[in-house]
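Please read the structure below before turning to the comments.
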């Protein structure tokens, strides 16, 4: 199969995954009319979503450190993009990666407040004395698990404000959104359809999707293309589900526009990455820079998911262990495939510095062998 066909199929699958996630809140709302227990259904889906998020985070972190970052560093070296200072030189791949990471951090945690603390019922103990300590077993708030995030607030007024801002009655409400006063007036002008509701989150998820797609488009082997695609799909639908839940209060037109922007981000990124890495339009320097930017974005995604899922109110140690185990398994899956591919490719012998396999070889201990052409 030609690599272009694989990229097209990957774009389709990622887009469908995001679309499926966007549809979940609406499907659950329809099913709730049949008289079934909505809370039980919601809690079951939330628990699976949490574990899927953690597995996807492990895969994304593994891909970043074991595949893409070593490849980007090697590309900077072979494209002669080093910063030469007297007798030494600096590889800017790491700096570019950190700037990309900080850019995403600024977009999601400064311009918008991002996610609410994880408060899924999955984090509660069905039998408090079974796996919780005495402090953990005690309820810090009289409300249910979905209201427990209000306990993090410093005052009762802030807790009440949080309750008004977060509609916990809607399925999967995981985002709380504010604008800084400095940009609020500008946002009202730029977003008349939805009055700012969901704009920053949509833009952040779109940029996530764009650079995730670029990573897929830059992959020049079927093996790595489908590994990256699998890691993205595992959390793509979850992001779409959260976005759809957040914008559910908007008009149908504005919600549809923001969901469409989100779903088209990865296919558009795959197109950009594919054109950049194509043999007729190959720009090694551009590929190196885009790879390092994409690594920073993927690192933020992995960090954000891990922080959201594990650094929250978890009253059940079994749940905490299951989440950690999923992150561990995701990382070990990528490490195992990296070792396997190096073994299949004959160790460190790779003929092109831009090959993903060369990056894997560097990541797993073959970095001392550089092939200059």
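Glycine is treated like the rest: Cβ placed from N, Cα and C.
Annotated transmembrane segment per TrEMBL: 6-28 (among others), in sequence order.
The transmembrane segment annotation in TrEMBL covers 49-69 (among others). Listed by sequence, the residues of this chain that lie at least six past the ends of the transmembrane segment (49-69) yet keep a Cβ under 8 A from its Cβ atoms are 93, 97, 118, 120, 122, 172, 215, 224, 227-228, 230-232, 234-235, 238, 241, 291-292, 294-295, 298-299, 301-303, 305-306, 308-310, 319, 322-324, 326-335, 338, 356, 359-360, 363-364.
Residues or ranges marked as transmembrane segment in TrEMBL: 89-107 (among others). Sequence-distant contacts of the transmembrane segment (89-107) (same chain, six or more residues past either end, CB-CB distance under 8 Å): 69, 72-73, 75-77, 81-83, 200, 203-204, 207-208, 211, 288-289, 291-297, 299-300.
Here TrEMBL flags 189-211 (among others) as transmembrane segment.
The transmembrane segment feature in TrEMBL is assigned to 223-243 (among others). Within its own chain, the transmembrane segment (223-243) is flanked in space by residues 3, 6-7, 10, 13-14, 17-22, 24-25, 49, 52-53, 55-57, 59-60, 62-63, 67, 115, 172, 174-175, 198, 201-202, 205, 208-209, 212, 215-216, 258-259, 262-263, 266, 301, 305, 330, 334, 337, 341, 356, which lie at least six positions past its ends and keep a Cβ under 8 Å from the stretch.
Outside the transmembrane segment (255-275), and at least 6 residues removed from its termini, the chain residues within Cβ reach (under 8 Å) are 4, 7, 10-12, 14-15, 18-19, 22, 193-194, 198-199, 202, 205-219, 232, 236, 239-240, 243-244, 247-248, 281, 290. Per TrEMBL, transmembrane segment is recorded for 255-275 (among others).
Annotation source TrEMBL lists transmembrane segment at 281-301 (among others). If one looks beyond the transmembrane segment (281-301) by at least 6 residues along the same chain, the residues whose Cβ comes under 8 Å of a Cβ in the stretch are 57, 60-61, 63-64, 68-69, 71-72, 75-76, 78-79, 81, 92-94, 96-105, 108, 207-208, 211-212, 214-215, 218, 235, 272-273, 275, 354.
Residues or ranges marked as transmembrane segment in TrEMBL: 321-344 (among others).
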